[in-house]
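Among the features that Swiss-Prot reports, signal peptide is placed at 1-19. Here Swiss-Prot flags 38-56, 217-233, 345-350, 369-378 as disulfide bond, drawing on similarity to another entry. Annotation source Swiss-Prot lists repeat 'PbH1 1' at 147-169. Look at Swiss-Prot and you will find 170-200 tagged as repeat 'PbH1 2'. Look at Swiss-Prot and you will find 201-222 tagged as repeat 'PbH1 3'. Under the heading active site, proton donor, Swiss-Prot lists 215, citing sequence analysis as support. According to Swiss-Prot, the feature active site maps to 237. Annotation source Swiss-Prot lists N-linked glycosylation site at 254, 327, 352. The repeat 'PbH1 5' feature in Swiss-Prot is assigned to 281-303.
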């Protein structure tokens, strides 16, 4: 009897163990470790910033001296990082292709503090040849793959060796109140100092830019939904589409240049489609543009670009459609040796244009316009 009762007790205990619920597993914490604010300065600042970039929530670059032949490479930033330049950022001299600065990431905020300057001291490379020979010159700022509402604000860039800002692979980038001042290059051999070269990018807004240079103020080589507004362009080649054609991406669509001024420049407004190539230029708008002191062409639209303007017969492989030119003020703007408006289109390749309140005078009438849409003047 005792044995029976003992067995029953053991069975009951076992049943309790079996019936007891298993302990709840502990879920791993979903709270990410907070990233720290970081400040870097001096000759070791660039290397330290690059090594620590993933761990910093904010990066302050205070009077950083970047060594010669080095890219200040901030292309591995954590999402949402803010990068602020303070004081003067400088770069050592070396002949190489660059870039001197590279920034990439999602929801990245790049800012210039009051009085801050990014100064690559491009005059050390200037020789009048730009990217066509002479010294090998580094491009300045590769703003590549900046996405998800990234922004660049209040930068002051002084004297780039050649091109200033390359925008490529970006989607949702806003650039506000940036100054690119290469005006010293007018007398010291600056060449190919494009301010903004844009390719394969979408949803780009550049607002309030001030540009003094010796090449395109803006060149949109490919991309969609791009706006340049409230800008000043002085000394260069004006507001350009292209050249389009002969690249991996040859589509330009929905690009607007509005409420801006082009002065002291070779060209005012220019659209360049490369001869013998294919692509698309659609939905480009120039509106509310003031031209003054233009040396060569007030408005130049060409489908025979071949490394130089107006080379031979135009071709039709890159149609220019849905173009709008309106409220273009350029009375007396063009030098007497220049041309007010030149339009050279391939057969049937320029269509559905809007042309309203366009006044560009002071220069000569171009005598070799071709296939001009009836609404336009040439």
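For all residues, glycine too, the Cβ spot is worked out from N, Cα and C.
This view paints the features noted in Swiss-Prot onto the structure.
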residue : record                      : contacts (Cβ under 8 Å, 6+ apart)
38      : disulfide bond              : 49, 52, 55, 56, 58, 59, 60
215     : active site, proton donor   : 130, 163, 191, 192, 193, 194, 195, 236, 237
233     : disulfide bond              : 195, 211, 217, 218, 239, 260, 261, 262, 263, 265
254     : N-linked glycosylation site : 224, 225, 226, 282, 283
345     : disulfide bond              : 301, 303, 314, 320, 370, 371, 372, 373
350     : disulfide bond              : 301, 303, 319, 320, 321, 323, 343, 371, 372, 373
352     : N-linked glycosylation site : 321, 322, 323, 373
369     : disulfide bond              : 342, 343, 344, 378
| note | Cβ neighbour count (10 Å, all chains) around residue 327 (N-linked glycosylation site) is 15
| query | Restricting to the same chain and to residues at least six past its boundaries, which positions have a Cβ under 8 Å from a Cβ of the repeat 'PbH1 1' (147-169)? | reply | 79, 85, 98-99, 105-113, 116-126, 130-131, 137-141, 175-182, 184-185, 190-201, 204, 213, 215
| query | If you count the other Cβ atoms within 10 Å of each Cβ, which of the disulfide-bonded residues 56, 217, 378 comes out on top? | reply | 217
| request: Averaged across the repeat 'PbH1 5' (281-303), what pLDDT does the model get? Just tell me the whole number, please. | output: 99
| query | Where does residue 350 (disulfide bond) sit in the DSSP three-state scheme? | reply | strand
